[in-house]
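Data block below; observations after.
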Amino acid sequence: QSSDGFFTALLYYSYVSLLLASWVCLGIVCAYTPPSNICWSGRQVWLDNSPSLKRVHFAASVAAMPIQAGLTADSAIALVQQYLRKERLHWRPSTYASQGEEITSLQRNHTVKWLTVLNRYLKFNPETLFLSVTLMDEFLRLVRAQPKYLKCIAISCFYLASKIIEEDEMVPHIKDLIKNCDCIFSVSEITRMEALILKKLRWDLCRATALDFLHGFYALLVLNRSLLLPDRSEQQLAALGPLLETKLQICLDQASLVATRPSTLALAVLSLELETWTPNWFVITIALQRLAQVENSDVIRCREELACIFAKARTAV
């Protein structure tokens, strides 16, 4: 088995090296065509037309890793596919004006930072923050709102998201929430805004966020660590999860990324980080790209944009 693992790793490395030969500009791809024979299926990932790479089996589970207990590769793939269905149903690209009487990208970004602080203060899950921002962006795509109502919309989306994600005892009363966030709007105003948001979103607040996709992709890495990341320990992979979440959260207050599919954003964040981790990063990216049905050009563009965003974030610290 150790011999098979060695040759499998060697073949992966050779395959990656050939593909990387066509990449330029500081390691960011300018153009590539991923092989059509890479696919994910059940508990297996294979390159069915390759004479050298045969079928590779997924591990059933990995102990002591920060993923849902009992999760298998089958259920992780099914989860990603469920998120993809939600994304196709609900997600549409949004844009914000740079200036003018409507809500601008700068105002939107400041509001997201405000929600981030509030989410941290209340010790809510990151899923609550991501869902609230997703709902806010979608609502603002459907409704032309004046900037003076932006915080009312944001806190209403945040409150709706908290009631979906958080345990009931963790969700404060609306009066306490208003007090905690130093909001100028009344209970009745926020209640009316909640009703309007629910109406515009057709009473369906189940959305697939970039964080959902990141969790799904990360679970597949954990379940296949011995194959995909053989040079990394379980402890190292466990530490990767929070790092990925932190980098994805940096993307939340970037209005330019609202036009990017959540699945594409999550994959690009993961791909950039894996590039520093393993020579297998390109093969992993392609396989996940096939699973998520992400276009080549979208991955390329998003990676380039994220590289700039993360570079600015490092210099700002």
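Indices start at 1 and increase along the chain as displayed.
Cβ coordinates are placed from backbone N, Cα and C, and glycine is handled just like the others.
Source: prediction; values computed, not measured.
Taken from TrEMBL as is:
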type	residues	note
DOMAIN	113-199	domain 'Cyclin-like'
TRANSMEM	12-33	transmembrane segment
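Counted with DSSP, the domain 'Cyclin-like' (113-199) comes out as 68 helix, 0 strand, 19 coil. Over the domain 'Cyclin-like' (113-199), the average per-residue pLDDT in this prediction is 95.
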